[in-house]
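Below is one structure, written out as structure tokens; comments come after it.
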Amino acid sequence: MKIERLILQGFKSFGERTSLEFGPGIYGIVGPNGSGKSNLVEALRWVVGARARELRGEEALSLLFHGADGRAPLGFAEVGLELGGNGRRVNLSRRLERDGSSDVRLNGSRSTLRQVEQALMGTGLSRTGYAIVGQGEVGQILQAGPEVLLSYLEEAAGLRAVTQASKTAHERLESATLELQTRTQELAERKASVAEKAQQAEAAQKAATLAARSLVLRRSVLSARIREADQEAKAARQKAQALEQERTEASQRLRELETEKSQALEALEAAQNAYSEALRQTEALSGELRLADQERASLEGLLRRLAQDLGESEARLTRLRSLSEPVAPSEPEPTPEVIQGYRQRLQELQAAIQTEEHQLKAQQQAFERYLQAQATYEAQKQAYEQMLAQKSALEADRGRLEAELRHLQDQLAMLQVRENELRAQLNERVKQEGQTQSEARAAESEARRLEAMLRSGSDLAEGPKRAREAGIPGLIGVVADLLQVPAGLELAIEVAMGGRMQWVLTEHEQAAQAAVQHLKQHGGRATFLPRTLLRAFRERERDWSKVQGVVGVARRLVQLPACPEALPTLLGETLVVENLNAALSLVRTYPDHPRIVTLEGELLETSGAITGGRVQRGGQMLTLRRRYQETQAEARRLNAEAEALRAQTESLRAELAGLDLPNLLRRQTELGSELKAVQASLSRLSHSPAPQAPPPAAPPQPERLQALRNEREALNAQMAQEREVSSQWQRYREDLERYRQAHKEMGELETRLHQLRSEQGELGQKLTAIQARKNELEQAQRSLNLRHLEGALYAARGRTRALSEEETRLIARTNQLLSDLEALHLTQARREATIETLQQELAELPPGPLEEGSSRSLARTLSETEAALEALGPINHLAEQEYALLSEDIQKLEVALQESEKVVRKLEAELHGVQSEYRERMQQVYATFKEKFAHYASALLDAEVELERTHHGLELILKPAGKRTVNLNLLSMGERTMGALAFLFALAEVGEGSGGLPIAVLDEVDAPLDEANIQRFCRFLQHFKGQTQFILVTHQKRTMEACDALYGVTTEKGVSRVYSIKREEALA
């Protein structure tokens, strides 16, 4: 394959899009120093995979066009390379963005540098190839290591694919060997599992034996319990018979005690009656004493109430004596005649007001009719004025139409001039429209490329990418896709968030759970943040806006419209500052500082840890998304400009279409018709008379009505005042009546006081008589003898109590006997029920043999059996089946292991075959190369070559004629150059069809050569140009003469440009 086209834009000094076409033969690139010739060679090396430090650059951004006089820097560098030949075509492009992101495409599809290297195999154009020799690098070809020289020979001979196949076969052999070891280990593990399953099956058999033994013991225990319950029921029946005999004897004694108790109760009753009589008399005397005390207390209470009534009556009398006689009002009481006069005047005023209102209403209606007539007059006047204005306008239109008609002929004369001008403008607009559309399509293509890149999720981990593509309901999206970051903050925010950039936001935890399950099934791992699990964020009260160097709190500088409440969780209190010095100053000032990130990507943790240094592709995720949005906006802007230009183009075309002569003639006819219509309208308007104004009318006068209303209000106020005076006189008469009643009450109170003092003396005499009666009753009470009667009563009660206690004991015993009998009957019933229950349990168990013994011993044996069964632990009842399955798996693994061994042996044979083929072909190629290298070294340099192939590669020794040195570093630059050219020309002879060097890009390799060597070099160029495409960067005229085509490179204001020039002009 040969190079057909090289396209570059934004690469180093090439700020504009530049394209170079190549074909077979020799192409020269000439120009002054510093014009950018070597940048073309470096662009070619970069597009095939070279790194920035290999191209005179410290970092990737040094490859971008950084601007020049009058030209702004570009945000990207892009180089495209097209190759073709032998039925193959390769389109290769590489793009670098200012944010550090890059894109490699092979035949229109995204690719990797390894795939590019494979596609260029056999051309020598790979990153480590020999086809491109940079400025000052030609001598380094011979000084390369043995393994590099051998790789050159392999590339030229087409053995690179064989070497790659050998490497692939070796890797596959290692993988197969590893798989063989894995299967061997898995087989050993399965065999160990089979042994374990065998033990589990044995335990399952033992468990089955113990379970059968447990069943026999359970039947035996139930049978023994039935037998023992039957024996306990019989013993209960015998004990119940004995207790029944004892209960009969107790009943006989109770009947005897009943007779004795009756006699004792009669004696007790006699003593009780005697004592009760004496006690009754005593109680009667006590009652009379209590009555006397109550009567005395009642009299004392009456005396106290009389004294209280006396005090209250005297106080009331004192208050009544203190009352003064009421005073009459100062104003005289109005007479009924005055009030009647007021009312009559009020009626007269009301009638006058009504009359005045009717008159005022009639005046108002007359005035309104006048106003309506005046409004009609004004409207007619305005219409008349409008008519006059219309007449003036029609006269102006007539003048305008006459002037337009006069100038129409002049306009026709200027038609051709205007048409030429419009066509020139139309051509310019069409050109601008095409250019704008082209730029719009380029922007849209770039937007689609960025959109495809973002949609593919190439900058996302596998987990977030698959979660985003799953389409799970409730999934909001990946944080990197949702976050909106202002320009300049991308690197700081991306460093601050770290791994949280690839968190996935969900509406609720169910969506997060579904996404986790999806990743478990399809692979990948991601962190999910459900909206419903977000915790309330407590903000710090400190204001950082006044601190020098602080840009702001990170979560307030960005936006997350889809889920703004997640920003505190994602960024917390992280601060964004301008640089590291500002961050360190803030840390020293505020020991309790939050996390800090600088605009350059340094990160300071709250613990004091500092993370910094060069950031590879820092801020790329956010910058890429922002650039996608900006590219979309740029495409929309360019489309809008193109649409505006299209509208202008259509406008110009419409204007051109409107300049033709028939339209102007038709316009002349139209102007004549319009002029006649205007003259007719003027003739009609000149006969319209002016409107007449209506006679004036006086407006209504409401002053008399208001005066009448004011007089009515004043009269109402006077009547209200008179009513108030009448009320005062009414209150005076009421107070005078109350004063007279008080004097009457004073006489009654004085009579009442006299009666109360008389009653107080009578009650004192009654109290003295009651005290004497009380003394007599107390003497009669002491004469009664109650102690003797009380002793006899106590003796009768003691006899009755003793009989009752014996009766109680017998009753208690009888009750106890009845209770014991009931308990025995209950025990008997329970044992019978237990027997029935045990028989039912026994019936539920399957029939089988029984063992003899007590229920306790049998239960103990059953417990021991169940303990032994439990001691076996968890029983795998499927162990036998699992044992069988594992045995089957082991057989399959043994078969698979045999197959793996066959694969390993097959791969070993394949690797041996590839290595054998490599050795055979390399032996042939090496012999040819050694012969040709010696021939060309002698022809170009008159030197001897010693070439030896070792296990390290190719060992090379070059001895120019007349020199003994074998150290290549001691050779002159010209000698090393000629030796390196001999090496390259020898490589051209070893490929299939002598195609080992299809392309040679040489940058000033002829600079250290003298005139004679340049002539030799040119002869070899002419000899090999039929099979090799040469692209030479040179300053030598001899070399230019050997070229079939020349490209000139110049620089204008810092921008390199390429021109195709004639060879004669370059040699002049």
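For all residues, glycine too, the Cβ spot is worked out from N, Cα and C.
So that you can see what the record holds, here are the features copied from TrEMBL:
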- Pro32, Asn33, Gly34, Ser35, Gly36, Lys37, Ser38, Asn39: ATP binding site (BINDING)
- 184-425: coiled coil (COILED)
- 473-587: domain 'SMC hinge' (DOMAIN)
- 621-655: coiled coil (COILED)
- 680-702: region 'Disordered' (REGION)
- 691-702: compositional bias 'Pro residues' (COMPBIAS)
- 705-787: coiled coil (COILED)
- 876-924: coiled coil (COILED)
Chain residues in Cβ proximity to the coiled coil (621-655) (below 8 Å; excluding those fewer than six residues from its ends, i.e. six or more beyond):
75, 97, 99, 101, 422, 425-426, 429-430, 432-433, 436-437, 439-440, 443-444, 446-447, 450-451, 453-454, 459, 480-481, 483, 485, 487, 490, 493-494, 501
When you measure from the Cβ of Asn39 (ATP binding site), how many other Cβ atoms are you left with inside 10 Å?
20
Which residue, of the binding-site residues Asn33, Ser35, Ser38, has its CB surrounded by the fewest other CB atoms within 10 A?
Asn33
Among all the protein chains here, how many other CB atoms are within 10 A of the CB of Lys37 (ATP binding site)?
24
Can you count the other CB atoms that lie within 10 A of the CB of Gly36 (ATP binding site)?
24
Based on DSSP, tally up the residues of the domain 'SMC hinge' (473-587) by helix, strand and coil.
54 helix, 19 strand, 42 coil
Could you tell me how many residues in the compositional bias 'Pro residues' (691-702) are helical, how many are strand and how many are coil under DSSP?
0 helix, 0 strand, 12 coil
If one looks at the chain holding Pro32 (ATP binding site), which residues at least 6 apart in sequence have a CB under 8 angstroms from its CB?
Thr1050, Thr1051
Starting from the Cβ centroid of Pro32, Asn33, Gly34, Ser35, Gly36, Lys37, Ser38, Asn39, which together make up the recorded ATP site, report each further residue of the same chain whose Cβ lies within 8 Å of that point, ordered by sequence.
Ser13, Gly31, Val1049, Thr1051, Ser1056
Return the residues near Gly34 (ATP binding site), defined as same-chain residues 6+ apart in sequence whose C-beta is under 8 angstroms from its C-beta, sorted by sequence, else 'none'.
Thr1051
